[in-house]
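TrEMBL annotations:
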TRANSMEM  20-39  transmembrane segment
DOMAIN    83-227  domain 'Flavodoxin-like'
BINDING   89-94, 141-144, 176-185, ASP211  FMN binding site
DOMAIN    282-524  domain 'FAD-binding FR-type'
BINDING   ARG301, THR538, SER599, ARG600, LYS605, LYS606, TYR607, VAL608, THR609, ASP642  NADP(+) binding site
BINDING   ARG457, TYR458, TYR459, SER460, THR475, ALA476, VAL477, TYR481, GLY491, VAL492, ALA493, THR494, TRP680  FAD binding site
Amino acid sequence: MENSEGVKIESTVVTEEPLISALDIALFVVIITVAYFWYFKRDKQSSSSEKKPYTIQPSSLSSIEQTSNSSFIKKLKSTGRSLVVFYGSQTGTAEEFAGRIAKEGARYKMKGMVADPEECDMADLVEMKEIQKSLAIFCIATYGEGDPTDNAMDFYEWLQNGDADLEGLNYAVFGLGNKTYEHYNEIAIYIDQRLEELGATRVHEIGLGDDDANIEDDFVSWKEKLWESVCSHYGIEETGEESNIRQYKLVDCSEVLPERIFSGEISRLKSYENQRFPFDVKNPYLSKIAVNRELHKSGDRSCMHIEFDIDGSKMRYDTGDHVAVYPKNSSELVDKIGELLNADLDAVFSLLNTDEESSKKHPFPCPCTYRTALTYYLDITSNPRTHIMKELIEYASDPKDQEKLKLMASSTPEGKKEFHEWILRDNRNIVHILEDLPSVKPDLDHLCELLPRLQCRYYSISSSPKVYPKSIHITAVLVNYTTSTNRVNKGVATNLLAQLIPTNDELPQPTIPIYIRRSQFRLPPKSQTPIIMIGPGTGLAPFRGFIQERDYARKEGREIGEMVLYFGCRKKDEDFIYENELQEYVANGTLTKLHLAFSRDQPEKKYVTHLLEQNADELWNIIGEKSGHLYVCGDARSMAKDVHSIIVKVAMEKGQMTNSQVLNYVKKMEQQKRYSADVWS
């Protein structure tokens, strides 16, 4: 006998064929090996799945969801639907609008569904023509400097790069934008035009919502005309009276084990106890507050310098990026809702989507307590929209309260005026409404369904990773103001941050969930390139990081270009933030020039834009003759627009250009990232 790979029998008497050949044994070994590894891998996967953290799963998964989550066409066909509403949303408003349209579709014999384009194969739009009387509606927000929202980016690029034949696709578009920004509703306008270019049929003209004015009014007005166009296009009629149909059903979770109940996590259960990299919008990092100090020297306002500790998190940021902070509502407001509705805030519940085909099974992480939902997941401080007024009507026992809600929910001129004055002008939130209309007692689970999600707040990072690789700095003004009803409204995030004061090393430090959002607001690649920075108030924040980075390069012995900063505030002795730092940068040569405007230190108000006009020669020398970069950070409504006008005027005068030439010149500056804005409304 030789080796185990084969059997060879020798005999001096006779030689016979072996009962088992070498090939048979080899095949047997292969089969055993494959079977062993298959069993081992399956067992390993089974074991690992048992160790995974608990997540809420749908109560039932349809065969469609199991076979193709991305095929919205299959879902439409299998459920007899003809309406799909896609949303491109960064803050949740576009998603909310999409849900309202899909819900109303039933009144027009069009059963609808809401879809996230990021989760769909948008190439399936070519198959919409196979569904009788089908319609695709797009609620699309424009974000940043004319960019698509994160979840609409792939769809936008598909439209740009593809050449699909969309003949037979019926569509309509509603855009969400802000007129204070230069690229107002740019993405929605592009999608509307591009769909037509690819052969699709526009059922109703594009709607453009302006968040700087009254986007709710814009949406409602467009939506009413949309359904008129839909009825005309398809030859259908409205089925009758509106009915408030619940999208989610209440599930009692009183028997759920405590370790399976969400307590404020954004997505993954126990994510704050077991932190895992990478950290993003659905998995924020629980950062310690390392520093929280006051920047204002006097006065009745507050501006905080806050440092988030990211040591050990593996998080990296670039100068000019933003940090997102996840806030929570004040316990005072949450308790007030429980008191007004006589509800047990510590009861554990879940809201489950009545549409089994929807990929969104819950409006927020469930199960949880009502207290958790109202504290961490729901926006209870913003002005409620008209559809919430409409849904509250059935809960009003006083006829006067009913009539007031009906009026504000209507689209009549009187109704719009009442909504604008009573809700928007007087700045009422849901707590104020329940206080001022005492007979309105909605079911708390229904209220939780109606209220929008509490969104994270973004802040420009005011530090450089070259200087502070283990921390992120922000500069934030505390938001507190008194309304016309003599109530004090408080900023959700800044008032929370104001309470998070680090203590001595022996006690646990306060923490808050954060993540980093990338920005296009960047220093020039070459440190020798001259730059002008315009940032009044907290608009100084990203420029503090810019200056730190250039100062770091200077100390390393590298050549740095001119750095000119325009900073303005009310009074030098009150709110000149980072004064000592800035003066030191001027003294060591990092900051070439510091132009200061203190608006209330003299009889006539003086702003940074006045100084910019006065220094037209310097402005043109840097951006026109030296091809430098210009940056603006701060208020979009007036300051940023004024800066743009000044640049146009200076380029026309100093560069001797015509109006069309100067507009092309400024446009080219923007395209080359030589003119960048990080502004807010």
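A Cβ is built for glycine as well, from the same backbone N, Cα and C atoms used for every other residue.
Note: TrEMBL annotation is automatic and uncurated.
Mapped onto this structure are the features recorded in TrEMBL.
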{"residue": "GLY92", "record": "FMN binding site", "contacts (Cβ under 8 Å, 6+ apart)": "PRO452, ARG453, GLN455"}
{"residue": "GLY144", "record": "FMN binding site", "contacts (Cβ under 8 Å, 6+ apart)": "GLN520"}
{"residue": "ASN178", "record": "FMN binding site", "contacts (Cβ under 8 Å, 6+ apart)": "TYR184, ASP210, ASP211, ASP212, ALA636, SER681"}
{"residue": "TYR181", "record": "FMN binding site", "contacts (Cβ under 8 Å, 6+ apart)": "THR142, GLU145, ALA636, VAL679, SER681"}
{"residue": "ARG301", "record": "NADP(+) binding site", "contacts (Cβ under 8 Å, 6+ apart)": "VAL477, LEU478, GLU574, ASP575"}
{"residue": "ARG457", "record": "FAD binding site", "contacts (Cβ under 8 Å, 6+ apart)": "ALA324, VAL325, PRO327, VAL492, ALA493"}
{"residue": "TYR459", "record": "FAD binding site", "contacts (Cβ under 8 Å, 6+ apart)": "HIS322, VAL323, VAL325, ILE474, THR475, ALA476, ALA541"}
{"residue": "GLY491", "record": "FAD binding site", "contacts (Cβ under 8 Å, 6+ apart)": "LEU478, VAL479, ASN480"}
{"residue": "SER599", "record": "NADP(+) binding site", "contacts (Cβ under 8 Å, 6+ apart)": "GLY568, CYS569, ARG570, LYS605, LYS606, TYR607"}
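In the domain 'Flavodoxin-like' (83-227), the DSSP tally of helix, strand and coil residues is 65 helix, 35 strand, 45 coil. Across the structure, THR609 (NADP(+) binding site) and SER89 (FMN binding site) place their CA atoms 34 angstrom apart. By a simple count of nearby Cβ atoms, those within 10 Å, the most crowded of the binding-site residues ALA141, VAL477, ALA493 is ALA141. Residues listed for FAD, ARG457, TYR458, TYR459, SER460, THR475, ALA476, VAL477, TYR481, GLY491, VAL492, ALA493, THR494, TRP680, cover a largest CA to CA span of 23 Å.
Here the Cβ of TRP680 (FAD binding site) has 16 other Cβ atoms within 10 Å, regardless of which shown protein chain they belong to. Neighbour counts of Cβ atoms within 10 Å were compared for the binding-site residues TYR184, THR475, LYS605, and the top value is held by THR475. When the record's NADP(+)-binding residues ARG301, THR538, SER599, ARG600, LYS605, LYS606, TYR607, VAL608, THR609, ASP642 are compared pairwise by CA position, the greatest distance found is 26 Å.
When averaged over the domain 'FAD-binding FR-type' (282-524), pLDDT in the model lands at 96. TRP680 (FAD binding site) sits 15 Å from ALA141 (FMN binding site), taking the Cα positions as reference.
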